[in-house]
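A short worksheet on the structure shown next.
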Amino acid sequence: MAALTADRVSVRYPGQAQPALDGVSLNVGPGELAVALGPSGCGKTTLLNLFAGFQFPDSGSVRFGGVPVAGPGAERAVVFQQHALLPWLSALDNVAFGLRLRGVPRAERRELAGRALAQVDLAEAGARYPWQLSGGQKQRVGIARALAGRAGALLMDEPFGALDAFTREQMQELLLKVWAESGSSVFLITHDIEEALFLATELVLMSPGPGRIVKTLRPPFSRRWRAGDSARAIKSDPEFIALREQLLADVFAQRKQEAWA
């Protein structure tokens, strides 16, 4: 698997006093699950858009596997907060849709789509339509669609933000399972501190005005889940709680500085 790198990238939007990103560097190594945590306006969505090739930096560079990112590509799959499923297609056909656009033969794409649905525990739901699926199931289909293309990197834009707390935790555990099985690099953005700590092998805390990385951590908790600890046990662990409170204090300190700036 290849590394996803941003090297001293800066982005300024027209009419904004501060850059959305100011000299940000981040390396998402092969097989890593990197999470960008921060409040609205910190530049985390802009950073994801750069990795996806949806936009380009004003300065600095973005590469995947050492090759400059020149636009969207099948090797970098994006999972959005809203599922974006086509309502007239079944779950299986939604998963296979991107493969169809790439000219993959019908039998092969249906096999790949079926395998991807099985990876997200929806093997029996291929014939269902989006209106027959719960919110969590729709997001599973979105993840399966990314997996079916055998992308080397998954880019996830607050994928569980619209889900209830119970379903969100289920989806977090599913993501760790899929990540472990696929070996893909994952870059996920969130404003949820607990989610970031639980999922990340590398966590970067970002601050707004201008968007910068102000803290980097390597939490052990996703590795512990892979070793057999439950999500509930991990999230009630004193080490987890202490790190959560420290990050919360960091975010509040940023907000206080902004108020006095």
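Glycine is treated like the rest: Cβ placed from N, Cα and C.
If you look up Swiss-Prot, you'll see Gly38, Pro39, Ser40, Gly41, Cys42, Gly43, Lys44, Thr45 marked as ATP binding site, on the strength of sequence analysis. Cβ environment of Thr45 (ATP binding site): Asp157, Ile189 lie under 8 Å away, each six or more residues apart in the same chain.
Residues or ranges marked as domain 'ABC transporter' by Swiss-Prot: 4-233.
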Item to check | Cβ-centroid neighbours of ATP site Gly38, Pro39, Ser40, Gly41, Cys42, Gly43, Lys44, Thr45, 8 Å, sequence order | outcome: His191, Met206, Pro208, Gly211
Checklist entry - Under 8 Å Cβ-Cβ from Gly38 (ATP binding site), six or more apart in the same chain: what's there? => result Lys44, His191, Leu205, Met206, Ser207, Pro208, Val251
